[in-house]
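Annotated in Swiss-Prot:
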- S109, D251, D253, D255: Mg(2+) binding site (BINDING)
- S109: active site, phosphoserine intermediate (ACT_SITE)
- S109: phosphoserine (MOD_RES)
Amino acid sequence: MEKKTRLFGTDGIRGTANQYPMTPDMVVKIGQAIGYLLRKEAEEKSSSVRKVVIGKDTRLSGYMIEQALASGLNSMGVFVQLVGPLPTPGIGYLTRTMRAAAGIVISASHNPFHDNGIKVFGSDGFKISEEMEREIERLVLEEDLTPLLPPSKEIGRTRRIEDSQGRYIVYVKGTFPLEYTLDGMRIVLDTANGASYKVAPSIFQELGAEVIQLGDDPNGTNINDKVGALYPQKLAESVLHYRADVGISLDGDADRVIMVDEKGEIVNGDRILAICALHMKERGLLKGDTLVATQMSNFGLEKRMNEAGIKLVKTGVGDKYVVEEMRKHGYNLGGEQSGHIIFLDHTTTGDGCIAALSVLAVMKQTGKKMSDLNHVFEDVPQILINCRVKRRAELSELAGYNDMIRNIEKKLAGNGRVFVRFSGTEPVIRVLVEGTEKAQITQFAEEIASFLEKELS
């Protein structure tokens, strides 16, 4: 095996369970590396806080990885609190409120069940910095950690926390305006057989909604299996069948959401951002009159924001880059077309339940149906193709690539764009083409995808 120099992608460490780096021995060492850094930090601050909160989604491999992580952390003198299946943002919240030194989520988000991953939050509830990621990688890949283990009497313990779900439910409900309820609203809710299958229905039901559930029967292998935010078609059909007011679809770890209006039309992350940004600006709540999005967002969103006097700032793809930009400049709303929506007034990362409640609050406060809100802007035609590849390469160094892109951009004549990037979480390269003519941009996207599949297979 070639020497690995990186473990972290754009959203933590990911891989196939029981394959590198998601093997028990590697996960133990990852736990030890995190534990060593936390112990070192506590000693430098003369602090006794060496507590880590660990949550997970519903994947079969979550049990194995949970035990391996806890063992590694315990061996470095760190105390572990296991909270079981809970949305990723819930771990960020509990890390802060339980005064833990760190929080860890065991999840591969929207990936299939056979994948799993590790995301790490700092004591402030935000994902750790790239500098800390590099230091964890260095310890895992280059160091023998055995000499760094503390004496036997300083080994940590692990215990389970039983009321974590209730704490998260109360916290999320608290973001909904007190003067409103969801009484009389019928919601179809798809929890992707994932981390939110228990908490999400309770949140909406306790606020008064009638909830019809999909994807609420996890068995360890059916997470994201034709359900959840990547598969909103079934949700749309159910909304029409049950004559619901709205559909809400979460992904496996519930940090993102896609919605459906009462007519069965999909409301993606761009539209959720636009709906909330316009509503917040109207009420003087949008800090800096600015919305943060990514390069994947539709140009129609940018046009609508400009018309409304809202500045749109674009970052690299990945919710952590959106959060970095928001924190750096004090903005309070940002997100991605894929459904990661971040309300920094309430949370430290994308939260599908909070985002959905924010849209429902707009419906209640304006008296508008979801379909009325969904007409917030007109999409510029956009084609996205995900190509599975076997290797990565510097695209500009592939023979013929630059000429192909230049030729396509020339034909678009300033009325569109081409955006190509490797996924940070999957062996996939994403090809995005925007323009005025759908047939033309489809042809261009397929041409680029065919070229890349051939060159990178």
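Glycine residues also receive a Cβ, built from the backbone N, Cα and C atoms like all the rest.
Within 10 Å of the C-beta atom of D255 (Mg(2+) binding site) sit 34 other C-beta atoms, taking all shown protein chains into account. Of all the Cβ atoms in the protein chains shown, 30 others lie within 10 Å of the Cβ of S109 (Mg(2+) binding site). Non-local neighbourhood of D251 (Mg(2+) binding site): S109, H110, A192, G194, N224, G228, A229, L230, V257, G339, G352, each in the same chain, at least six residues away, with C-beta under 8 Å from its C-beta. In sequence order, D57, P87, T88, V105, S107, S109, G194, A195 are the residues of the chain that are 6 or more apart from D253 (Mg(2+) binding site) and have a CB within less than 8 Å of its CB.
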